[in-house]
Amino acid sequence: MSEISNRLQILLIDCYDSYTFNLYDLLYKASENACVIVVHWDKMSPDLWEDILQFDAIVVGPGPGHPAEYSSILNRIWQLNIPVMGICLGFQSLALYHGATIERMPNLPWHGRVSSVTTSKTFIFDGISAVKGMRYHSLYANKIPIDSLQILAQSDEDNIVMSIKATKFPHFGILYHPESVGSSKSLKIFKNFLSLADTPNIQCVNSFSKSANGFSHNLNRYDISPAAFILKSGSPSLQIHSVEIPWVEPLALADCIQKSGNPICFLDSAKKPGRYSILGILTGPLARIIHYEKATNTTEIRICKDNSFVRINNDLWSTVADFMNQHKAIKPDTNLPFYGGIMGIIGYECSDLSTKSVSNASFPLDFQQTTVDAELAFVDRSFVFDLEIKKLFVQTLTPLNETCSEWWGELLASTCNTKLDNLSCLHSFDGKQNFGLVQSFPKKEVYCESVKACQEHLLAGDSYEMCLTDTTFVSAPPELSDFEMYMRARSLNPATFAGFVRLNHFTLLCCSPERFLQFRDDRCLFSPIKGTLKREGHMSLEEARKKLLNEKDMGELNMIIDLIRNDLHQLAKKNSVHVPELYSVEEHSNVYSLLSNIYGRIESPITAWDVLSKSFPPGSMTGAPKLRSVRMLEPLEQHGRGIYSGTLGYWDVTGSAEFNVIIRSAFKYKADDYWRIGAGGAVTILSSPEGEYEEMVLKANSILPAFVNLKNKKRSCK
């Protein structure tokens, strides 16, 4: 046989889980000659069933809910005499098929917690006596029939069956998640499993022609593995002009420019380790504003210089990908993060996962529209501040071979007629100035009931973690400008990923400490935060670390680490996703945070935008599995999140990108006379309703003092 015809063909069944592509990666690591296609469990067409015996092995992935929900499809899998591995839900489905009962855990579910597992040292555990297994399950298999199922592994802590094998067929199940970053010896387990399928399926291997990737042409059409938006990269159409000019304080320049009332995007590294601040303005001939209304699936691109526009009946993600493919530039020798390109926000609901939209479908998408689901600017003129070495660069994008005028000199002369380092907006906020009022704050009893509702979903196996949020509505003192309100918030809560953004339909005051995604060259980085501790007294960083490294907070972060690994594995180069350090603790002005860093390599034609779209909304703001969690949260949250829980950042014309998670922030839409402040936390099975409410209050209070005097009991958020 040829090399291609000898490649193992593996079917991976996705049950709409957020860890499926971690299994995808593990399968490729376990067999260099594997070819894996991924299908949704409920999209297995009659044609696929006719081709099913082409596969040398099948893996049934994890998923939410009870396995009985999937029996109409998965029971047919258990009738096949080919190697099959079921993970978590797949394990439960195999056990249920053979007559076991699937019940709720006798004590609490295990979500994001590592268990010690003792094995039989046989079959898939050949050569393995014990493993560490990351457990994400609310249900377990009881009354296992020993005549049809053999027990291969059990947990040491609670004696729960962790692995089984069918006695008559090469069918295996593992209840814990071997694909998790917290599980051990998983590569050996999967190598043992795939050794059963090492000889291609002789029933059909000669019946179908193979394509270059090892699949028959029949099988290729079933694969749901994501691809890049743009498969052929466009040629550069722009050139970059970058000039160093004398240093100006970024806050002072931002204040001068924003006073014109024109759109502005200011990404403010208000705290180390942030090194660069970026100020984008929309006065150039190439400047555009792009906004998206999900309710009508319409994207508008408006030319700033003459206010003309085009409306495109397509989603934001595809439209922006196509736009940026036509607006590319070759990176110069300087090593700056941004030279021009897309800046702005993408709201939480701006994905297919959410059924909601904050845009109003009853109005056409124009300047009268008060809310949009996303709004971005294409910035052709920008300032980049290197805060570490106090250097300022001014950037201009022009069409190829066009010269660049010194537009910044006129701008600075006309707008900055006040001494830049002596502006009132730079003075620290001391809490003695005027305040606004809280218009509405989440009621404790309502929020606590929502926490309990989340936990019922967790007990039922529908989710491992649900990130519940709510919204506070607050007014600002009328005599203060939006930028002055930003300066208040920044003074109280300086953050690495802060920003002030005002576009046609919204204003955002952002004090976020959390990076969502960073993309440099071919390297991608995610930095989720889970676990928040209030700074009190003289608490040291080491003391905070000891308190944050508890079972609940580590469990929350474990779930999101694995979720982000899954998102990256969809597009990253094989074997490139890694987590050098599972847990880190960062110090902020009001709180300590537990976080992790997840890395991966991305190869052309895949872009930062592709990775962003496949990982949006941020997993740290949804829970896991992401789809089921988002849908279950929607009826529990009284208001659409809008900009909160979305992302603010940039995608540069050279391909670089960085986006935050919009938390610790306030925003208002164009027609609003009030501000919205979102806050919440990850509900796990170890949460207490009162504790979750207090965490939500703590996070809201990171931004509320800029608006409200919390020392005045009548105005207190509690």
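Including glycine, each Cβ sits where the backbone N, Cα and C put it.
The annotation active site, nucleophile is assigned in Swiss-Prot to C88 on the grounds of sequence analysis. Among the features that Swiss-Prot reports, active site is placed at H177, E179. Annotated domain 'Glutamine amidotransferase type-1' per Swiss-Prot: 9-203, in sequence order. Annotation source Swiss-Prot lists region 'PABB component' at 266-718.
Mapped onto this structure are the features recorded in Swiss-Prot.
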residue: C88; record: active site, nucleophile; Cβ neighbours (10 Å): 27
residue: H177; record: active site; Cβ neighbours (10 Å): 27
residue: E179; record: active site; Cβ neighbours (10 Å): 28
Problem set entry | Rounded Cα separation (Å) that holds between C88 (active site, nucleophile) and E179 (active site) | 11
Exercise. How does the model score the domain 'Glutamine amidotransferase type-1' (9-203) in terms of mean pLDDT?
Worked result: 96
